[in-house]
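Chemist: Just dropping this structure here.
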Amino acid sequence: SKQQASQVLVRKRRANSMLEETKQGNLERECIEELCNKEEAREVFENDPETDYFYPKYLVCLRSFQSGLFTAARQSTDAYPDLRSCVNAIPDQCSPLPCNEDGYMSCKDGKASFTCTCKPGWQGERCEFDINECKDPSNINGGCSQICDNTPGSYHCSCKSGFVMLSNKKDCKDVDECSLKPNMCGTAVCKNIPGDFECECPEGYRYNLKSKSCEDVDECSENMCAQLCVNYPGGYTCYCDGKKGFKLAQDQKSCEAVSVCLPLNLDTKYELLYLAEQFAGVVLYLKFRLPEISRFSAEFDFRTYDSQGVILYAESIDHSAWLLIALRGGKIEVQLKNEHTSKITTGGDIINNGLWNMVSVEELEHSISIKIAKEAVMDINKPGPLFKPENGLLETKVYFAGFPRKVESELIKPINPRLDGCIRSWNLMKQGASGIKEIIQEKQNKHCLVTVEKGSYYPGSGIAEFHIDYNNGSNAEGWHINVTLNIRPSTGTGVMLALVSSNNTVPFAVSLVDSTSEKSQDIVISVENTVIYRIQALSLCSYQRSHLEFRVNRNNLELLTPLKIETISQEELQTQLAILDKAMKGKVATYLGGLPDVPFSATPVNAFYNGCMEVNINGVELDLDEAISKHNDIRAHSCPSVWKKTKNS
């Protein structure tokens, strides 16, 4: 009704209302029991911020109730719980709770504001932000020695695997697994490391988790070496084919060519016939058919350092008569035999001086004349023709640097047919060169070096074999090896001397290897694959020859040349000498200039020696002409000169 509607605007004053004007306003009295305007609300709060905050919310509370209900409700204090609670809650900033429930400890109401007091580990106006103690710069890593784990409002320290937390809850201590479980690695060695343990094996072995044992690593299956790889328990060794001119590089894995350290003058001329082209057999064979009035004659220039060997051998077609021109003791020797006589004569000056000497042999009517430099040195009487003509022809066969094998038993005095020398300007049977130059020109191996020196030359492509008895019954040591080497190498790597047993092991070897020092070489003495002596950093590739002397028996190896050496321990040396002693009681062959076909791994070095070398063993100078076998390119008594640079070279 109109009457009821108008009562919303009615405001009745209470008793003593005049006295109330002098007191601070009361929220219950001013705005709940009665309606209040903003000014009246300010009387309650006595400040603008709280008033400005309260009054809009107060109007919301009023509008949330119907006016009819409100009029009835204000007759009793107990009848307005909803409005009262709504209005009473407006000034309390902590209701509803503005703080983060997890992070706050208390909420303090203020004038249109509130203050949240945070629990430890929280921050922010409403305590809504967790403090990350693990990133506190003033307390690095939260004071944890290893792991700091941040949690809402707190944090805790933890340890990595293999560590345990100490009582201070911050520091970690390593767990020694090897002490806790001594057998956990089986046959391997247990090594404790921070936070863990390792099962260690010697170098070259790998740990097997399943068997708990150390197993050999086959490095060769991993293609570690450029050429040959030999695996052995705990390691491996790379080898290069020295016989093909390779050596092991400094990295001990790759191969590189054996380089020349001293160039030699290997120039040859086809006009010079090399007499030592073949180790066994003749170098050149000629056959002459001349009128019966012809007599044997030979004229040539001859150069050698060799003291013995066959220059030429001539015989009749039916082998009934023969003539041998040779060198023995450096002098010309003539042996002849026919139906009339059998003779041997040696005479004249020594001509194995490395100079060119003109030699002529001429059959005269009653003698054979031998001349050197056109001066007669021998005149051998003969009762008749040296070779008998048949059917009006004189047929003669001439052999250079040797004779047919069957002749050897018919000689008046045996002679080693091998002769290291050269012939030029030959004239046989007064027929001049007779096409011989054309034959020689086509074959490079028959050409002689232009310049040579005295010595023996190893070309880096072959070996010489000797059978030497090293046993000495009068010596208490049983056997001994006394060696003297005079060397002038052309390459810095190669086997100079080796003893090889019947089972293809190499119980003793003396080799040359390039040193780690620039332009120098080492000499290594080895027993099988173990280096027992190393003579370091020698300048061997020079014009001057180097001298090395040593002696070995079952108890000791003694270097007689005053050089700096590096050796293994005395105990290990005796072990290696015992290996040598066992081999020396059996059969061994002596090789110069390299090795026969033995495994690469038999010695530390397997390349051929290249250069000049003279060898004396147990007081005997080894003559390569007396070797059991010798590579054809090895020169027994001549060595190429060192290449001398010219201004134009």
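Keep in mind that glycine also has a Cβ here, set from the backbone N, Cα and C atoms.
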Chemist: What does Swiss-Prot give as the disulfide partner of Cys172, choosing from Cys159, Cys178, Cys185?
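Modeler: Within the candidate set Cys159, Cys178, Cys185, Swiss-Prot assigns the bond with Cys172 to Cys159.
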Chemist: Looking at the ranges 61-89, 235-263, 293-321, 496-524, which is given as region 'Thrombin-sensitive' in Swiss-Prot?
Modeler: 61-89
Chemist: Have a look around Cys94 (disulfide bond) and count the other CB atoms within 10 A of its CB, chains all included.
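Modeler: Step by step: centre on the Cβ of Cys94 (disulfide bond), count other Cβ atoms within 10 Å, giving 16.
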Chemist: If you count CB neighbours within 10 Å, which one among the modified residues Glu39, Glu40, Glu50 has the smallest count?
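Modeler: Output over modified residues Glu39, Glu40, Glu50: least Cβ neighbours within 10 Å is Glu39.
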Chemist: Helix, strand or coil at Cys148 (disulfide bond), per DSSP?
Modeler: strand
Chemist: Name, in the order they occur in the sequence, the residues of the same chain whose CB lies under 8 A from the CB of Cys448 (disulfide bond) and which sit 6 or more residues away.
Modeler: Thr268, Lys269, Leu272, Leu273, Tyr274, Cys422, Arg424
Chemist: Report the DSSP secondary-structure composition of the domain 'EGF-like 3' (174-215) as helix, strand and coil residue counts.
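Modeler: Here the numbers are 4 helix, 18 strand, 20 coil.
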Chemist: On the 0 to 100 pLDDT scale, where does the domain 'EGF-like 2' (130-173) sit on average?
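Modeler: When the pLDDT values over the domain 'EGF-like 2' (130-173) are averaged, the result is 93.
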Chemist: So which recorded positions out of Glu46, Cys134, Cys214, Cys225, Cys229, Asn482 end up within 10 angstroms of Cys116 (disulfide bond), measuring C-alpha to C-alpha?
Modeler: none
Chemist: By CA distance, which of the recorded positions (Cys107, Cys159, Asn482) lies nearest to Cys238 (disulfide bond)?
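Modeler: Out of the listed candidates, the nearest Cα belongs to Asn482.
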Chemist: Closest of the recorded positions to Cys229 (disulfide bond), Cα to Cα, picking from Glu39, Glu50, Cys99, Asn482, Asn503?
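Modeler: Spatially nearest to Cys229 (disulfide bond) by Cα position is Asn503.
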